[in-house]
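Participant: The domain 'Sulfotransferase' annotation in TrEMBL covers 90-334. The 3'-phosphoadenylyl sulfate binding site annotation in TrEMBL covers Lys99, Gly100, Gly101, Thr102, Arg103, Arg182, Ser190, Tyr292, Lys308, Gly309, Arg310, Thr311, His312. If you look up TrEMBL, you'll see Lys99 marked as active site, for sulfotransferase activity. Annotated disulfide bond per TrEMBL: Cys293-Cys303, in sequence order.
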Amino acid sequence: MLFKQQAWLRQKLLVLGSLAVGSLLYLVARVGSLDRLQPLCPIEGRFGARGQAEFPLRALQFKRGLLHEFRKGNASKEHVRLHDLVQQLPKAIIIGVRKGGTRALLEMLNLHPAVVKASQEIHFFDNDENYAKGMEWYRKKMPFSYPQQITIEKSPAYFITEEVPERIYKMNSSIKLLIIVREPTTRAISDYTQVLEGKERKNKTYYKFEKLAIDPNTCEVNTKYKAVRTSIYTKHLERWLKYFPIEQFHIVDGDRLIAEPLPELQLVEKFLNLPPRISQYNLYFNATRGFYCLRFNIIFNKCLAGSKGRTHPEVDPSVVTKLRKFFHPFNQKFYQITGRTLNWP
């Protein structure tokens with residue numbers, strides 16, 4: 001009899017202990033979710049004066065869940081309407097460059113409660129077929145957001161496509177444009193690596209980087225090779241400056257964003273006239289992946305896809321030297337135009 005009572009008592013204690021742990025975990029999750037749910041978030045500058053463009057961050061957090069349900073078909077359009085959510089054209093665009101860190105920049109900016117990102121590359125302005133569908137088609141590709149928020153999309157091909165500057169200018173001549181760049185030779189090799197991986201996945205052979213980057217007839221840098229051409233940043237930027245003043249561009253150091261992301265993100269917040277909200281808490285180094293991951297709150301973390309941070313193939317040092325010497329005068333002009341000097345060899 002005593003043994004049965006003891007067993008019954010142990011079972012009761014286990015149940016009570018489970019309830020206590022569950023309650024504690026619930027409270028921890030609530031505290032974590034409140035980390036980003038401050039009462040008000042003022043949006044300053046050209047997106048609204050202080051006190052006139054405020055919205056509850058708790059509602060923004062709820063919005064993320066609502067939109068997830070909406071995309072799955074579990075929330076009605078009426079629910080979205082009741083919460084004043086709209087699809088609006090972007091107020092800022094990450095226009096490039098390819099393999100410069102555009103995805104990392106977009107995901108990191110999404111840490112800010114006043115920023116809403118388009119999940120996929122839209123390729124509206126660089127694709128004639130998409131562009132012919134019109135601005136309303138483009139707007140419908142944007143995520144739902146509050147009117148006071150900034151919608152941002154990224155399509156790296158925009159930077160190098162000739163028709164894009166004029167097309168974006170016709171949409172919004174005062175839009176803010178973000179360009180994220182890496183050391184040109186490193187970026188070209190990264191570009192090559194991504195293409196190489198795609199070829200290998202399809203069991204196709206591909207030339208070595210050295211054979212593509214160097215013209216075999218002249219032994220000089222092959223400017224017809226797209227990976228090289230894309231890294232001549234100043235040539236592409238000059239085309240954009242025919243439509244937009246340099247003040248509407250912000251240059252992000254992609255190499256620094258990988259190694260030390262917070263200072264770069266703070267510069268972007270300032271450029272977009274956003275109140276500072278991204279902190280070191282939101283960024284943590286993942287030793288296994290070898291780069292920084294994102295922390296939205298205590299229960300929601302996110303790392304970039306496994307395709308990021310590919311290992312580059314070894315490249316002949318003499319080819320690397322030749323490429324860096326080739327890019328050097330273009331880099332100097334890029335520094336001069338943008339007013340930002342980067343530590344490139």
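Every residue gets a Cβ built from N, Cα and C, even glycine.
Those TrEMBL annotations? Automatic predictions, nothing curated.
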Participant: How many whole Å apart are the CA atoms of Arg310 (3'-phosphoadenylyl sulfate binding site) and Cys303 (disulfide bond)?
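Facilitator: Cα-Cα distance, Arg310 (3'-phosphoadenylyl sulfate binding site) to Cys303 (disulfide bond): 14 Å.
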Participant: List, in sequence order, the same-chain residues at least six positions removed whose CB sits under 8 Å from that of Lys99 (3'-phosphoadenylyl sulfate binding site)?
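Facilitator: Non-local contacts for Lys99 (3'-phosphoadenylyl sulfate binding site): Pro156, Arg182, Arg187, Ser190, Asp191, Gln194.
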Participant: Near Gly101 (3'-phosphoadenylyl sulfate binding site), which residues of its chain come within a Cβ-Cβ distance under 8 Å, counting only those 6 or more away in sequence?
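Facilitator: Correct list: Ile180, Arg182, Val252, Gly254, Leu257, Ile258.
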Participant: Counting Cβ atoms within 10 Å across all protein chains shown, which of the binding-site residues Arg103, Arg310, His312 comes out on top?
Facilitator: Arg103
Participant: Report the mean pLDDT of the predicted model across the domain 'Sulfotransferase' (90-334), rounded to a whole number.
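Facilitator: Mean pLDDT across the domain 'Sulfotransferase' (90-334) comes out at 94.
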Participant: Rounded to an integer, what is the Cα-Cα distance in Å between Cys303 (disulfide bond) and His312 (3'-phosphoadenylyl sulfate binding site)?
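Facilitator: Just about 20 Å between their Cα atoms.
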Participant: Who sits close to Cys293 (disulfide bond): which same-chain residues at least 6 apart have their Cβ under 8 Å from its Cβ?
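Facilitator: For Cys293 (disulfide bond), the qualifying residues are Leu283, Tyr284, Phe285, Asn286, Asn301, Lys302, Cys303, Leu304.
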Participant: For Ser190 (3'-phosphoadenylyl sulfate binding site), what is the tally of other C-beta atoms lying within 10 angstroms of its C-beta?
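Facilitator: Result for Ser190 (3'-phosphoadenylyl sulfate binding site): 20 neighbouring Cβ atoms inside 10 Å.
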